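Undergrad: Take a look at the following structure, please.
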């Protein structure tokens, strides 16, 4: 993450690799593959930044939203989606404002300015844990959808397995090997976030394709009288049903996490004053996708909505060409995840480098370190995806802890620390609210995971 000025104090002498993967837009530096003086990059555009931030936000969690509506009801559920977007906007505004005051060019430098090396290291550790778990989950989903998965003695055929039958080349290991070498590795070689703007635009478009197909099927079946109207409010008639409301809320609290990529995007902007409208445009776009997915997914499947709505597209939809639409939804979503992967990987590599080499020169200036770290992280994610049998193992490990720290607790803590005396009373009140909300959401999620 990013910003200008020099920070002062014991940070003034630091030149850590966590500042930015690349020099900012006004500095000479290597292009996406190699160094050189001929870099003609003059700053990222508004649209490119919006797509990159939107892609950071919309990941695997979108598939859990319809199930959340089943628990909360449409009215409270959609209200919480909007509230989470507003809270994310506020937390990013605090993060950017206090980073500017500190002259911090990364999220880690902002935490370091407020809490010293320990705070910076803890932030980097949380980003590494969160992003590593998220990308393992992405790869597991890709393997499940394309090559199939087995649970409770029942095998669910993957898309490619269904098209061509089971073969050695379309098994999980082969599919993930081809995906890693053919898609992830090339995209992970880009050093600048803005270089991913086109893949990010396609990724957002593929998420919209999923929404459009789901909405079209739901409207078609509704017009034919095949669907009841969805439940607007929760059915909370006893303590277990009330408790289920709290277990669903953390999914929405962490739905907009993108804070670890705010600074890299900010640093590359042609006009850094655009960061506020960029954040709000991205949040508006993602909110529209979230609300449409929640509404039409729950409308289509009702009480049969599964925790991962993608699993609902593994059966007869009760419409003509059902198998075609099932495959279209699943393939579009897998392609979407493949293109989300590099934007999340960028932040993982940046923060892992900061943890391992806090005093080294910027990563962009060391091609050997860049290549070794990229290969090591890709290999780790690949091996984890092949040996973690259940997607929820990864989700439970990361979602309830590191993500709420990165999104809410750390920006709020920086605000309350207020080393530069710029916090207003409203900022302090908001910071306390975010910390309480994050702690409650985290405690509920951990408790429900432990006793489910």
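Each residue, glycine too, has its Cβ placed from N, Cα and C.
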Undergrad: Can you say which of 155-172, 173-190 is given as transmembrane segment in TrEMBL?
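TA: That would be 173-190, per the transmembrane segment entry in TrEMBL.
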Undergrad: Kindly point out the range from 1-34, 35-68 that TrEMBL annotates with region 'Disordered'.
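TA: Residues 1-34 are the ones TrEMBL records as region 'Disordered'.
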Undergrad: Tell me, please, if the transmembrane segment (117-141) and the transmembrane segment (202-222) are in contact, taking contact as 3+ Cβ pairs under 8 Å between residues separated by 6 or more positions?
TA: no
Undergrad: Are the transmembrane segment (428-447) and the transmembrane segment (49-68) close enough to be called in contact, which here means at least 3 C-beta pairs under 8 A that are separated by 6 or more residues?
TA: no
Undergrad: State, in range form, which of 74-96, 282-301, 331-350, 370-388 has the highest count of Cβ pairs under 8 Å to the transmembrane segment (242-262).
TA: 74-96
Undergrad: I need to check the long-range neighbours of the transmembrane segment (331-350): which residues 6 or more away from its ends have a CB within less than 8 Å of a CB in the stretch?
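TA: The answer is 17-18, 20-21, 52, 55-56, 58-60, 63, 106, 127-128, 131-132, 134-135, 138-139, 141-142, 145-146, 159, 179, 183-184, 187-188, 190, 193, 196, 199-200, 202-203, 206-207, 209-210, 213, 260-261, 264, 310, 363, 370, 373-374, 377-378.
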Undergrad: Could you check if the transmembrane segment (370-388) is in contact with the transmembrane segment (173-190), meaning 3+ Cβ pairs under 8 Å among residue pairs at least 6 apart in sequence?
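TA: The transmembrane segment (173-190) and the transmembrane segment (370-388): touching, yes.
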Undergrad: When each of 74-96, 173-190, 202-222 is checked against the transmembrane segment (282-301) for Cβ pairs under 8 Å, which one has the most?
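TA: The listed stretch sharing the most Cβ pairs with the transmembrane segment (282-301) is 202-222.
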Undergrad: For the transmembrane segment (173-190), what are the same-chain contacts with Cβ under 8 Å, counting residues 6+ beyond its ends?
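TA: Same-chain contacts beyond the flanks: 32-33, 139, 142-143, 146-147, 158, 160, 196, 199, 338-339, 341-342, 345-346, 349, 374, 378, 382, 385-386.
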